[in-house]
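Read through the structure below, which is laid out as structure tokens, and then see the notes.
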Amino acid sequence: MDRKFLMILILGFGFMFVFTAFQTMCNIEKTILDSISQEDDSFKGEGYTSLAIIYLFFSLSNWLAPSFISFTGPRVAMVVGALTYTAFMITFMFPSTVLLYVGSAVLGLGASITWTGQGTYLARCSESTTISRNSGVFWALLQCSMFIGNLFVYYQFQDKTRIDKETRNLVIGVLTIIAILGIVFLAALRFMADNAEHDNELEQKHTGCGQAMYALKSAGQLFLTKKMLLLSLAFFYTGLELSFFSGVFGSAIGFTTKIAETPKEIVGLVGICIGAGEVFGGGLFGILGNKTTRYGRDPIVIVGYLMHMAAFFMIFINLPNSAPFKDTTDISYLDPPRASIALICAFLLGLGDACFNTQIYSMLGGEYVNNAVGAFALFKFTQSVAAAISFFYSSHFGLYVQLGILVVMGTIGTIAFVFVEWGFKRHHREQEALEK
């Protein structure tokens with residue numbers, strides 16, 4: 001097997017295990033914290049606020065991630081960042097409002113170097129002919145995390161209207177062990193020198209603090225280019241929809257009491273269906289990587305957009321406006337709400353997300369290979385700013401306002417991505433004509 005592709009597989013398995021822990025916790029955090037607050041009146045931790053803090057610190061620290069990686073390299077950055085995810089899991093075993101929010105902030109700092117390191121390492125292990133395949137394979141492995149954790153949660157939460165301390169600690173303990181397994185995989189990654197020369201301008205011309213400042217300046221200059229500003233609109237939308245399906249959608253179903261006799265156990269099934277869509281999309285685009293490179297990325301993103309619009313409409317008619325906040329007997333246009341429709345929406349949300357993210361990874365890794373660190377840092381910066389904003393307003397806006405925001409930003413982001421992709425296609429055609 002090609003050594004570079006082997007490293008992609010190890011990278012995928014490492015992230016799969018780390019995010020089995022984190023994505024599962026995001027899906028159930030609101031439910032877990034509500035159960036804790038019922039047992040302990042002094043506990044005031046709020047799930048959406050915790051997630052907002054994570055993405056706020058994630059967004060701010062993304063500007064420093066290129067400088068950090070210029071010192072450590074992407075492998076060390078990913079291991080250090082993964083340790084913060086594990087620490088966040090452990091805080092739930094010792095319920096404390098202050099500890100929850102401090103752990104959220106630390107995780108936000110670690111997430112920036114984790115994801116910027118991942119994008120850089122993926123680019124170094126890829127060529128222009130393999131970046132689409134590698135992005136799809138990595139994404140499929142990463143999203144397998146939605147199966148493992150949520151199957152376990154579904155089993156543990158069966159027939160429970162409140163999540164007791166014993167169940168909570170068991171779930172959190174298992175998730176922590178899985179996250180540690182992911183760190184072992186990330187530590188097993190090896191240095192890939194073949195494509196590292198694309199980053200060598202920074203390393204050859206600058207050392208020490210100058211190297212770190214050059215990385216920050218380079219990212220800032222890239223952000224102000226026309227194409228990156230347009231792409232930022234697509235990045236922003238992925239942050240909004242990420243926060244919606246990872247934190248709000250599952251909670252809204254769990255709080256809709258008429259959707260099932262024990263709606264809390266449906267939350268685990270929702271996570272599984274989102275994961276199924278993500279894995280299917282990532283695997284499909286991995287297999288069809290060469291065709292994607294040939295015909296362009298825009299058709300896949302447009303398909304993802306249409307899937308999301310269909311999902312948002314079905315959520316609108318199926319779930320009540322008050323669903324994101326607390327247990328409710330309210331209904332929307334369907335009475336009673338249908339669990340089957342909620343699960344179909346979950347699959348579409350996952351598949352649409354895979355359409356957007358795999359093509360963004362393919363574009364950044366293929367078109368910005370000379371500054372992969374900066375490109376991926378800007379992607380995660382914009383995405384995490386959007387997620388932070390979304391989690392902040394999720395505590396105040398009803399479901400229908402949130403869906404409206406997603407529809408508007410999804411439309412704008414898709415149009416922006418298509419324009420940038422057409423620009424790259426035109427540039428490649430002109431280069432080919434000159435070579436002939």
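Using N, Cα and C of the backbone, Cβ positions are placed for all residues, glycine too.
Because TrEMBL annotations are produced automatically, they should be read as predictions rather than curated entries.
Away from its own ends, the transmembrane segment (47-64) comes close to residues 26, 29-34, 100-101, 104-109, 111-113, 116, 216, 219-220, 239, 243, 247-248, 251, 377-378, 380-382, 384-385, 387-388, 391-392, 394-395 of its chain (Cβ-Cβ under 8 Å, at least six residues beyond either end). The annotation transmembrane segment is assigned in TrEMBL to 47-64 (among others).
Taken from TrEMBL, the feature transmembrane segment covers 76-94 (among others).
Residues annotated as transmembrane segment in TrEMBL: 100-123 (among others). Below 8 angstroms of C-beta separation, residues 7-8, 11, 15, 33, 45, 49-51, 53-62, 64-66, 68-69, 73-75, 77-78, 80-85, 87-88, 91-92, 131, 134-135, 138, 189, 192, 195, 198-199, 361, 364-365, 369, 372-373, 375-377, 379-381, 384 of the same chain, each at least six residues beyond the ends of the transmembrane segment (100-123), sit close to that stretch.
For 135-157 (among others), the entry in TrEMBL reads transmembrane segment. Non-local neighbours of the transmembrane segment (135-157) in the same chain are 5, 8-9, 11-13, 15-21, 23-25, 27-28, 122, 126, 163, 167, 170-171, 174-175, 178, 264-265, 267-272, 274-276, 278-279, 281-289, 350, 354, 357-359, 361-362, 365; each lies 6+ residues outside the stretch with a CB under 8 Å from one of its CB atoms.
Marked as transmembrane segment by TrEMBL: 169-189 (among others).
Summarising the annotation, TrEMBL assigns transmembrane segment to 229-254 (among others).
Here TrEMBL flags 266-288 (among others) as transmembrane segment.
Taking Cβ pairs closer than 8 Å, the transmembrane segment (300-319) reaches residues 234, 241, 249, 252-253, 256, 259, 281, 285, 292, 332-334, 337-338, 341-342, 344-345, 348-349, 351-356, 358-359, 399-400, 403, 406-407, 410-411, 414, 417-418, 421 in its own chain, all 6 or more past its ends. Annotation source TrEMBL lists transmembrane segment at 300-319 (among others).
Taking Cβ pairs closer than 8 Å, the transmembrane segment (339-356) reaches residues 139, 143, 146, 234, 237-238, 241-242, 244-245, 249, 253, 259-260, 266, 269-271, 273-282, 285, 300-301, 303-305, 307-308, 310-311, 314-315, 318-319, 417 in its own chain, all 6 or more past its ends. According to TrEMBL, the transmembrane segment annotation covers 339-356 (among others).
Annotation comment: TrEMBL describes 368-393 (among others) as transmembrane segment.
The transmembrane segment annotation in TrEMBL covers 399-420 (among others).
Within the chain carrying the transmembrane segment (399-420), a Cβ under 8 angstroms from the stretch's Cβ atoms is held by residues 227, 230-231, 233-238, 240-241, 244, 248, 252, 297-298, 301-302, 305, 308-309, 312, 315-316, 319-324, 356, 359-360, 363, 390, 393, all 6 or more beyond its ends. Between the transmembrane segment (229-254) and the listed ranges 76-94, 266-288, 368-393, the one holding the most Cβ pairs under 8 Å is 368-393.
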